[in-house]
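*Asks:* Quick one: the structure is below, questions incoming.
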Amino acid sequence: MIYLQHSRVLQQVHRKPKKRRWTGQLETSKPSHLYKKNLDVTKIRKGKPQPLLRVDDHDFTMRPAFGGPAIPVGVDVQVESLDSISEVDMDFTMTLYLRHYWKDERLVFPSTSNKSMTFDGRLVKKIWVPDVFFVHSKRSFIHDTTTDNIMLRVFPDGQVLYSLRITVTAMCNMDFSHFPLDSQTCSLELESYAYTDEDLMLYWKNGDESLKTDEKISLSQFLIQKFHTTSRLAFYSSTGWYNRLYINFTLRRHIFFFLLQTYFPATLMVMLSWVSFWIDRRAVPARVSLGITTVLTMSTIITGVNASMPRVSYIKAVDIYLWVSFVFVFLSVLEYAAVNYLTTVQERKQRKLQEKFPCMCGMLHSRTMMLGGSYSESEANSLAGYPRSHILTEEERQDKIVVHLALSSESNSSRKKGLLKGQVGLRIFQNTHAIDKYSRLIFPASYIFFNLIYWSVLA
């Protein structure tokens, strides 16, 4: 018995210790709580699983609290960018984050830390979400790079946050009566498609604070003045009343681009047409080519402006300016046509008189006499412009008297008209070069007066 106990002692003394693998770290004692692993709530354990969200236990095709009062759904929007404004199509394109807030007691789950759970778009197809759509939208889509930009966050008490990133192109009714000195107000309208105000109450979650915009939003042709929100009821005769939310924003157009591209070239063309008033009236090719060039250039400017605008049935502010400028250019062409015609008529009359009476140089300035039924020989000779020593025959004397009397009657009638209408108008008519002189003053003064009225009223 003693021998056996002694042998056991010797075996324990000579027993070799176990070799431990070197890990490169000093072994220290650690608290036991650091070795505890966090509980993986997503792990499917053996037996019947117990999911936190009991999606399969409820019918999510029905709205929350079905049969009761309308479910309130709060909305807030963050505008990421205002991509484009199209005057031709009368629409705008906007990218935004659309968020919905509501409570669904069917999604209540136990939680000791009161933390929410976040899901992607796959859960959206299994639960009820508001059916909000954009009224008057032409195109819209949810971004899907790299995955669908949808976020669903559920809180333990059933509160739900549903967020989407959307780009929408919607209609904007624009008024171009003051274009390009105009301001446009556009609206993006949100509304439930199926649920009336008796089933779903859509509202802005934080009033005007529900709409937030990026400070870096800018457009090339517009200045964004303000964003604001409104809400009202919309009625459809076949379905009823619906809550509708509005995102309103006001845009003011930058005028500098149109000053360089439209107004300044049109003004230069009008001023260029005035150059013809300083060109000699006998230089027909120069004045005609200048007038035709300015008219065609104004037509090109008008066509280019209208090509980038919708075909509206009312007059725009830019149309008034361009067409008045076109009228001034066209009148300068007509002015030279009148000068050339009057010059031709005057030269033709002078040529006829010289061909018929080559020696009647001073007859228009001779002294006129009132004659009765008879006249003496000396009177006839002096009336015809011949001295008393030069005696004419009876036939020659009668011809000369008739011509002189006719010319005298014409000068008397023109003198009487000049007294009635004024000497200035008669001189302008008789001297065609005076028309150009007065046009040099009248045309610029009229155009400057038009510009003063135009910019004071529309600017």
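Think of each number as a place in line: the chain as shown, counted from 1.
Cβ coordinates are placed from backbone N, Cα and C, and glycine is handled just like the others.
Note that TrEMBL annotation is computational and uncurated.
Model, not experiment: these values are computed from the prediction.
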*Asks:* Between the candidate ranges 288-308, 351-371, where does TrEMBL place the transmembrane segment annotation?
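*Replies:* It is 288-308 that TrEMBL annotates as transmembrane segment.
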*Asks:* In the same chain, who gets a Cβ under 8 Å from the transmembrane segment (288-308) while lying at least 6 residues past its ends?
*Replies:* 87-88, 262, 265-266, 269-270, 272-273, 275-276, 279, 318-319, 322-323, 325-326, 329-330, 332-333, 336
*Asks:* Same chain only, please: residues at least 6 beyond the ends of the transmembrane segment (320-342) with a C-beta under 8 Å from a C-beta of the stretch. Say none if there are none.
*Replies:* 262-263, 266-267, 269-270, 273-274, 276-277, 281, 284, 287-288, 291-292, 294-295, 298-299, 301-302, 305, 429, 432, 435-436, 439, 443, 446-447, 450, 454
